[in-house]
Amino acid sequence: MRLIILGAPGAGKGTQAEYLSSRFGIPHISTGDILRENVKNQTELGKKAKEYMDKGLLVPDEIVIEIVKNRLMQDDCKNGFLLDGFPRTIAQAEALEKVLADLGQKIDKVLNIEVPDEKILERMSGRRICKSCGASFHVVYRPPKKEGICDICGGQLYQREDDKEETVKKRLEVYHAQTQPLIEYYKNKGLLVTAVGQEEIADTTKEVLKALGVE
């Protein structure tokens with residue numbers, strides 16, 4: 001199975017991607033991860049990407065596509081893969097199609113995990129992380145016994161910059177503006193399937209399998 005997984009930040013996409021990867025025995029390819037890996041290993045493409053990343057700029061499509069292509073050519077992708085974080089734009093989607101056509105492959109399905117913005121806002125802005133041990137709590141769903149204090153090590157809990165309400169709202173805005181055209185693009189190609197994210201991870205997994213036609 002060759003899958004693309006879409007979902008807003010905080011929609012639980014990573015967790016589902018890991019599950020599907022082990023269920024189908026296909027690699028979970030996170031573009032962010034392979035980009036960082038190339039930078040760390042100082043590959044030619046990694047060096048080029050780093051120049052942009054160091055300036056806080058987006059890495060150009062041609063570099064990202066080349067990095068993704070190299071990853072898709074590895075042996076473990078022969079029987080399928082799960083792409084996460086790519087494509088983000090229609091231009092990238094078209095480039096990916098060309099790459100796959102060269103490899104004699106095509107995308108089977110594009111899975112979109114849908115969670116209402118207000119739900120994501122509640123999930124993310126309620127998260128609290130321990131400064132000492134990194135344990136994660138939630139003011140509504142998993143509150144610490146003592147406010148602001150970690151149950152595990154007694155460390156201080158804090159809210160990450162990424163989880164602040166204004167930041168989350170901005171990230172969601174950017175995500176929708178960028179991804180909506182992509183969702184339409186794959187819908188028109190008859191590849192899009194949608195799973196509605198639930199409160200419980202296991203319930204979301206059920207929705208995901210149903211959307212993919214796997215029980």
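A Cβ is built for glycine as well, from the same backbone N, Cα and C atoms used for every other residue.
Noted in Swiss-Prot for the protein shown:
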type	residues	note
BINDING	G10, A11, G12, K13, G14, T15, R127, S136, F137, E199	ATP binding site
BINDING	T31, R36, L57, L58, V59, G85, F86, P87, R88, Q92, R160, R171	AMP binding site
BINDING	C130, C133, C150, C153	Zn(2+) binding site
REGION	30-59	region 'NMP'
REGION	126-163	region 'LID'
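Look at the binding-site residues R88, R127, R160 and count other Cβ atoms within 10 Å of each Cβ; R160 has the fewest. The region 'NMP' (30-59): residue composition by secondary structure is 21 helix, 1 strand, 8 coil, according to DSSP. Sequence-ordered, the extra residues of this chain that approach the Zn(2+) site, with Cβ no more than 8 Å from the Cβ center of C130, C133, C150, C153, are K131, S132, G134, A135, D151, I152, G154, G155, L157. Long-range C-beta contacts of C153 (Zn(2+) binding site), restricted to its own chain and to partners at least six residues apart, with a cutoff below 8 Å, comprise C130, S132, C133, A135. Ranking the binding-site residues L57, C150, R160 by the distance of their Cα atoms from the Cα of F137 (ATP binding site) places C150 first. Each of the binding-site residues F86, F137 was scored by the other Cβ atoms within 10 Å of its Cβ; the lowest score goes to F137. Counting in whole angstrom, G12 (ATP binding site) lies 17 from T31 (AMP binding site) by their C-alpha atoms. Among the binding-site residues listed here, namely G10, R127, C150, R127 has its C-alpha nearest to that of R160 (AMP binding site).
A straight line from the CA of F86 (AMP binding site) to the CA of G10 (ATP binding site) spans 17 Å. Nearest by CA distance to V59 (AMP binding site), out of the binding-site residues G10, R127, C150, is G10. In this structure the alpha carbons, written CA, of G10 (ATP binding site) and L57 (AMP binding site) are 23 Å apart.
Every protein chain shown contributes to the tally, and the Cβ of G12 (ATP binding site) ends up with 19 other Cβ atoms within 10 Å. Distance noted between the C-alpha atoms of L57 (AMP binding site) and G14 (ATP binding site) is 24 Å. Counting only same-chain residues at least 6 apart in sequence, those with a Cβ under 8 Å from the Cβ of G14 (ATP binding site) are S30, D84.
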